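Swiss-Prot lists GLY161, GLY162, ALA163, GLY164, VAL165, GLY166, LYS167, THR168 with the feature ATP binding site.
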Amino acid sequence: MSDLNTKNVGKISQIIGPVLDIAFGQGQVPNIYNALTIKAKNAAGLEMSVTCEVQQLLGDSCVRAVAMNPTDGLMRGMEVLDTGKPLNVPVGKSTLGRIFNVLGEPVDNLGPVKNEESLPIHRTAPAFVDLDTRLSIFETGIKVVDLLAPYRRGGKIGLFGGAGVGKTVLIMELINNIAKAHGGVSVFAGVGERTREGNDLYTEMKESGVIVEKNLIDSKVALVYGQMNEPPGARMRVALTALTMAEYFRDVNKQDVLFFIDNIFRFVQAGAEVSALLGRMPSAVGYQPTLATEMGALQERITSTKDGSITSIQAVYVPADDLTDPAPATTFAHLDATTVLSRGLASKGIYPAVDPLDSTSTMLQPWILGEKHYGCAQSVKRTLQRYKELQDIIAILGLDELSEEDRLVVARARKIERFLSQPFFVAEVFTGSPGKYVSLAETIEGFNKILAGELDDLPEQAFYLVGNINEALTKAASMK
């Protein structure tokens, strides 16, 4: 706003927790989604700055807005400035290596962002004519993912797993691999999760080289956090802030972007809180009536265009393990693949602990992947499934009671299970073994050799934590 006379100023008329009613002059009502700012002193004389977003027009020149900051200390009668536009956040290379809040303000104590460009967080999804409709697989360099539950370029993947099974390390490896193999960048949205987890992720990213402290612009990721101690408005909008940064890398820099949301359930949960505060009638299980619309508006912006792609990996919390709960059920409708992490595999020391039988992908079709890849994946799954069925018999009677054919299946399945493990680049500092990126062709070649029985004479330990099959052969030779 250039001069004071053109400013549109209203006054707070009612405060209900994080929801504010604001009265404006006749004919000066701000638009829905406009950002409003309140700069004032509270009763203790301390400076306050609160940003809120218009959600409803109440009539009589009154609007109802949801605050993005805590509203403690606000009073009726305080002046509210209409910025005349939606929330704008910084975008571009200068966001890499930094941590932002929902308003696009850096919160990592590294000073302001030197930035030329900013974009509004509310944007329309790309038009259909701009979309890239080709079905192509997004190679991650992680054997178990690429072979058995491949990601779609520009697709959406659900990441399921409890605490301590390796979600964070898998996320960091994906960030590292997209930067090295695809020249892409990543944006991480921490939506309504613990502050401690956000801090741990940031620290681990610095240790593993995903964030380069000496020269932040060489970092591979931008972080946007709206933690669970923040108002529901911030948690509801933080995913859009991060998505806006990701869209810039896709549309302007024409890059492949990995977009992480941890956790998509908290996005829905925040929307439910805001919906109730705005006085909307709740729908099933107390969720907002606009649940599918809100989820659709976010998910439709995550897509591939002819310029670049946003491939999204979303951690999904399932309340009370009920997959029919409206929040996870609505999320599933948008997912192209699921990566399920297994505590059983993690306890065996097989990392990444991706469950090869529970993880799924819509890309696992012969007409998309080709017969060679599809046939190999199906044979691996068949072998592992048979091993799973035989485990009870082995536990009771032992291996010797199995038929010759079944013993061969078990031996190959154990080799496959170990060959699905892989040393990660980001874990080098902890494990001491160098990370490996395995191309899809090498992955298929390796598993086909195991399935064909070419490597039946090798010890199964030779397949544990190696990259391609040649490394397994080298390891076996060194073990003799």
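The backbone N, Cα and C atoms fix where each Cβ goes, and this holds for glycine too.
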Practice problem: Among the binding-site residues ALA163, GLY164, GLY166, point out the residue whose Cβ has the most other Cβ atoms within 10 Å, with all shown protein chains included in the count. | Solution: GLY166
Practice problem: Ten-angstrom check, please: count other Cβ atoms within 10 Å of the Cβ of THR168 (ATP binding site), all chains counted. | Solution: 18
Quiz item: In this structure, which of the binding-site residues GLY161, GLY162, LYS167 has the fewest other Cβ atoms within 10 Å of its Cβ?
Solution: GLY162
Practice problem: Using DSSP with the three-state reduction, classify LYS167 (ATP binding site) as helix, strand or coil. | Solution: helix
Practice problem: Mind giving me a neighbour count for VAL165 (ATP binding site)? Other Cβ atoms within 10 Å of its Cβ, every protein chain shown. | Solution: 23
Practice problem: Based on DSSP, name the secondary structure state of GLY162 (ATP binding site): helix, strand or coil. | Solution: coil
Quiz prompt | Cβ-based neighbourhood (8 Å from the centroid) of the ATP site, residues GLY161, GLY162, ALA163, GLY164, VAL165, GLY166, LYS167, THR168 excluded | solution = LEU341, ALA346, ALA353
